[in-house]
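Asks: Just lifted these from Swiss-Prot, have a look:
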| type | residues | note |
| --- | --- | --- |
| MOD_RES | S81 | phosphoserine |
| CROSSLNK | K212 | SUMO cross-link |
| TRANSMEM | 239-260 | transmembrane segment |
| TOPO_DOM | 261-314 | topological domain 'Extracellular' |
| TRANSMEM | 315-336 | transmembrane segment |
| LIPID | C337 | S-palmitoyl cysteine |
| TRANSMEM | 348-368 | transmembrane segment |
| TOPO_DOM | 369-384 | topological domain 'Extracellular' |
| TRANSMEM | 385-405 | transmembrane segment |
| REGION | 407-420 | region 'S4-S5 linker' |
| TRANSMEM | 421-442 | transmembrane segment |
| TOPO_DOM | 443-456 | topological domain 'Extracellular' |
| INTRAMEM | 457-468 | intramembrane segment |
| INTRAMEM | 469-476 | intramembrane segment |
| TOPO_DOM | 477-483 | topological domain 'Extracellular' |
| TRANSMEM | 484-512 | transmembrane segment |
| CROSSLNK | K525 | SUMO cross-link |
| MOD_RES | S535 | phosphoserine |
| MOD_RES | S546 | phosphoserine |
| MOD_RES | S569 | phosphoserine |
Amino acid sequence: MEISLVPLENGSAMTLRGGGEAGASCVQTPRGECGCPPTSGLNNQSKETLLRGRTTLEDANQGGRPLPPMAQELPQPRRLSAEDEEGEGDPGLGTVEEDQAPQDAGSLHHQRVLINISGLRFETQLGTLAQFPNTLLGDPAKRLHYFDPLRNEYFFDRNRPSFDGILYYYQSGGRLRRPVNVSLDVFADEIRFYQLGDEAMERFREDEGFIKEEEKPLPRNEFQRQVWLIFEYPESSGSARAIAIVSVLVILISIITFCLETLPEFRDERELLRHPPVPPQPPAPAPGINGSVSGALSSGPTVAPLLPRTLADPFFIVETTCVIWFTFELLVRFFACPSKAEFSRNIMNIIDVVAIFPYFITLGTELAEQQPGGGGQNGQQAMSLAILRVIRLVRVFRIFKLSRHSKGLQILGKTLQASMRELGLLIFFLFIGVILFSSAVYFAEADNHGSHFSSIPDAFWWAVVTMTTVGYGDMRPITVGGKIVGSLCAIAGVLTIALPVPVIVSNFNYFYHRETDHEEQAALKEEQGNQRRESGLDTGGQRKVSCSKASFCKTGGSLESSDSIRRGSCPLEKCHLKAKSNVDLRRSLYALCLDTSRETDL
């Protein structure tokens, strides 16, 4: 059979002419045009394939043989409409540049490409897609799998509205914007399908208001890692929970002991232990050689029993036991921490040191006082007693150690940290109000001899109590002018305190919902992972790191290929989204996990 090409109207069509009894010719339209499928935009190999298939089809028809099933699905010759001539018949659309004859870089850069997204056609240039060669559309080898030689275009059965943002990513040089009519989970799925990369995904999360998940660093040494997980993360294992329970009990015992030892009955008993009564002195002997000896003997019982009686104090024993546990816990955590510098700068670890430090100072002071001649002068004793009281007060900070084991206290701390600006404004407004109204009430009550305000600084207390709407009543205005000032002070205090409160409450709700959503997401991820393992759907496409808890596992791997994405691997293992809005995150998680096997969501 002989195949020859004849020019059509556009100068690039072809006509088949067969020889012998199997000769076949191109189907001509009434106007004399060729009705064969357009081939001007195809490369040489595609043209040969199309012509060979068409000739085989006609030979089979002339020989009276039935057509094979695949051959029956080939498009029949038809006349091109005006739209087809403008769109599909355009020789510049959908050209596969990797199979064409060599062209200069300028013409290849401006060559047009036709992309069909579920029936909606987009047109762009090769140079636009080539800006990101590692993506699906930017890599000629990757996008070749989606090329349709019959329609001369790239076809993707994906979400149509999302492609506006994907194409804008190429046109703008890397700016990713989600269309308003596309949900977050659908657009995130499209980003992964078109393989825009992790950097584009991170920028998308930041633009949408998502927070980057904090990475928990772990020590490299296996033994240190296990110890760190046990003492730092109570939810990592059963032994970690046991250690956390013991730590909480010790903290509570220490706080209860700190409070009980101030009761009058216990305080009097401790004073008796510390300073036992001096036994009655015998009559003074006559002056002589034995006088100094008897004086020394009379002072002996007041010094010797002090040290053992102090160590025998039950509160001292309980306090020593608690401090031993706190010291052991702090040293173990310091030994196993991944970074000594970060450990030293952590506020919670500073609180641990502050909670332990007073005990050793108190112990050293007690031992110094028990030494012969350590009593010293009364002035030194009063000074050491004042210092001890301040140091012992620091022990109350041990209550903050509970925040390590309480999510609620952690949320409260993050709320206060995020609201420092609002709290500063609140204190500044209160300071202005206190100065203003204390001065006003002083001068309003100055002529009254029974006034409670002797000076402006003396009126500061009244202004603070009134602005905070506490009103103890120990200081109050008497005159009419003073009462008017007091009324204005109370109203100003209510308005001043009410202004920053909504912002603080909003921050608290934000951190609270973020924590609860994170727990739900981790539980959902763990449940879905268990289901996949039970059904045998886990493949070797991801590298898994073994650890004590699923929440501490990190998954990684290369970008998915288009086939694996079509099969619908779980997107939650590759994209951890944390939203400011609880509703957005719940909707995203539900949509992502409800049906991961679908290819498009219109």
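Backbone N, Cα and C define each Cβ position, glycine as well.
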Asks: Residues of the same chain, at least six outside the transmembrane segment (421-442), with any C-beta under 8 angstroms of its C-beta?
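Replies: The answer is 453, 455-457, 459-460, 462-464, 466-468, 477, 482, 485-486, 488-489, 492-493, 496-497, 499-500, 503-504.
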Asks: List, by number or range, the same-chain residues at least 6 past the topological domain 'Extracellular' (477-483) whose CB is under 8 A from its CB atoms?
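Replies: Hits for the topological domain 'Extracellular' (477-483): 441, 444-445, 447-448, 450-453.
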Asks: Provide the number of Cβ atoms within 10 Å of the Cβ of the residue listed as 'S-palmitoyl cysteine', excluding the reference atom itself.
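Replies: Its Cβ has 21 other Cβ atoms within 10 Å.
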Asks: So if I exclude everything within five residues of the ends of the transmembrane segment (385-405), which remaining residues of that chain have a CB under 8 angstroms from its CBs? That is, six or more out.
Replies: 234, 244, 247-248, 251, 254-255, 258, 326, 348, 351-352, 354-355, 357-359, 361-362, 365, 413
